[in-house]
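Undergrad: Mind looking over this structure? Questions follow.
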Amino acid sequence: MAMEFKLRGELRGHDEDVRGVVVCPLGVLTGSRDKTVKVWAPDEATGSYSLVQTLVGHTDFVVAVLYVPPGANDDYPAGAIVSGSRDKTVRVWDPQTAACVAVLSGHEYQVTALGLLPKADGQAGGLVSASLDKTVRVWRDGKCAATLTGHEGPVLCLLVLPGGEILSGSGDTTVKMWAPGGGPCIHTIKAHTDTVRGMCLVPGLGFATASHDMSIKVWDSTGGVLAELVGHTAIVYCVAAVDAPAVAGGGVLLASGSEDNTVKLWRPNGDCLQTIEHPGCIWALDFAADTGDMLSGCSDAVTRVWAADPARAGPAELADVLAATLAARKAEKEAAAAQGGSEGAAGGGGGGGLPPGLKVEEEFALSQPGAKDGENKFIRNSATGEVAAYSWDAKAFQWEKIGVVVEGPAGGAGGAPGARPKKFHAGKEWDYVFDVDIAEGMPPRKLAMNEGDNEYLVASRFIEENELPPYFAEQIVQFIVQNTGGTKKTAATGAGPMDVTGGFCDPFTGGAGGGSRPQPQRPGFQLGGAAGAGPMDVTGGGVDPFTGGGGARSGALPAHSLTHVPCHTYLTFDNVPNLEALGRKIREFNGALAAPQQLTEPELAPGGALEALLAKLPKVASAATSPAAAAAAAQPGVIAAADVALLRRLLAWPADKLFPALDVARLAALDGGAGGGAELLAAPEVAGGLADAQPTPGTLAGALASAAASSLAANHQLALRLAANAVAAPGGGARLRSWALAGSSPLLDRLAPLAAGSTANKAVRLSAATYLGNLAAAVGLGHAQDPDLPLQALSACLELLSAVPSPLDEPDTAFRGLVAAGTLLVTGGRELCQIAKDLDIIDRIHAIMTAARGGGVAEQKLLQAGIDVSAVIARSTGVKVEDK
């Protein structure tokens, strides 16, 4: 009996893509890009489902949903609905009231998948979540009970086996099996040639995996491959399986959903039974085991119910509307292709604007470093649908945007139909299949392509699939051109079928294109032949992408211009506090002290010494920020000796009453006039010894030491700001700067840990970043003579960057920290850059740049600063690319 699923109903209610679908006793759970989870109850009268609850609380789109039956988990005995989101959290909901009963926080990036650990054989149950942060977490009692680490890429999917083992699929192309209950990794499977994106149990057999390599694989319980299902033409996002007698013929059935806008139905042996077109890509699938119905979650915001039993099919009008929608979309694509438009099904093999075979990925793919220099990725912007080309620059340690893919061939096969016999390879027909010898003693590898394919994309795909060094790209491209005549180009522009805006250079060689091509020789070739080295030198990575040196080609990439580093400008904290409130606080603290620490009544009285000192602070701040601040030494100072004498008494107060004095002192340090505050504070009896184990109370050094030793965040913030202003002292403040720099090593020992301490907040971290930036500027300007300062300050910068919870929440702190590090590295040269690499600075930079991608002006500054620092390191240390 032939099997054919028919449309039974549609679940409409979400505003954006349906990213998760689960069939459960409640009915159906769906999670969406619109940040909500919806609960749908069966409606036999209509043959579909009716909306009964909407769960609202996530602050970003919902990626995964899970149902916990009553009694299955001790933490939620009445059952629960669980959702994972791009907001980094897992939320647990009461299925009866729709109330959120728990928020599980801990993941650093998007939560991608969820699982339920069974309570069996003495094992503790629990929830399981996966994330782009490369980890799997086990949750019990509302807390993270275990963090499973070992994947080298983001974890995209999860599966809990009946015995409690956890399977995790990752962007590193592997599946890892973890011991029951969340124990150690007990097995790693090299599952696919690209990201493992989806997993499901296959009744009676084992499990199945879906991948970005466009395939589905069926595995036995030990990790042995039983079958490979090939047929999709783009990323396969999800897979589901069912053993339902209701399905025609009975037995096990698999469904797979892809970015090629189809669901395919399979038998586990690889037989494709049916292909169901959809109006968009398929993010999620599930089966109803009792009826055999299949549900598909689509990017058009609709969840569709498909029935294998003809008697359960929905009204014909429903199917007619879907058919009309699909026909209209197809007509739009054909019209766009005919007009040279850019709309098309990525990887769909023609019929659209993008080249056939082009693998388009999501934006999160850029959060992981490339595997090799020159690796290409094609990324769809989630907001605009635009597809951009990126190339991995190993020296800059970042993805460089080459341009936007705006045009492709109208057809997948290029020339006239029937002009060339098709060749069959890997389950598909191709215009060309070549043998490529990649090493002595190894069988040749197959390079398959269609006429009209972009030769650089073909070469990139072949290199990635076979884990070859990127410098073979040009050799492969030349061979393709020799034996196919190359991609057809227009005489007027020379543009290939995929025009990349902004892509003025060859992403593999840096060349501008053009030049003569050798004539065809043979339909197979060997990499790395008698000619010796390929077009790029293996050690050193060939052309330096920042200087243009190291290569013989005239079309090398232009030198990278540093934008933000080195920075030789001092920054100051010159904001004037509320003087009335500051005076009240000083008087309040003074009342709690005993003589001789107390200020006298005349000093506190209106018009007295305290009021006179506070009244001078706005003038000091104004002078420090004026264009003539650098020449302030020629003008008389504002702060007088009597003011400093009073300030010294405040600086001697106990730590819990110290911060008002620090606030006054950091402004007094900006008085650069002749005989003014900066000069007076630099006097030995006022400044004190920063290197002293117990600096004298009443001195700047004593106050800074006391503030650092306290637990008050206000003390930490103002001590760091005082130190920053001392280094930046304008005009006649050279003596104060010299004092601050001469004792910078012991002062850094006291102040640097404050940015990562338990009481640190945004203001403390920003103050620390500014202080470190001023120290870096002093090093670059030659004002600091301590040979140990660059390394010590760099270490402090790295600790600070690690302490920033989110660069998006504290962009100024992250930016100043990066600029400080870059400035120190420019001055420190190769030795300091190598130390920075050993201290994993690249990982910190990459984390910041990843978080900043796609943001606004502040985030773009962060990205540029990260590129600058990476460029400085690359120039000094180089990058060695090794042939595997």
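Placement of Cβ uses the backbone N, Cα and C atoms for every residue, glycine included.
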Undergrad: TrEMBL tags one of 71-94, 119-142, 335-358, 479-502 as region 'Disordered' - which one?
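TA: The listed stretch tagged region 'Disordered' in TrEMBL is 335-358.
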Undergrad: Residues sitting near the repeat 'WD' (148-178): Cβ under 8 Å, six or more positions beyond its termini, same chain?
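TA: Contacts with the repeat 'WD' (148-178): 109, 112-118, 120-121, 123, 128-138, 184-201, 207, 209-211, 221, 223, 364-365, 367-368.
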Undergrad: Which residue counts does DSSP give the repeat 'WD' (189-220) for helix, strand and coil?
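TA: Taking each residue of the repeat 'WD' (189-220) in turn, the totals are 0 helix, 21 strand, 11 coil.
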Undergrad: By DSSP, how many residues in the repeat 'WD' (104-139) are helix, how many strand, and how many coil?
TA: 0 helix, 19 strand, 17 coil
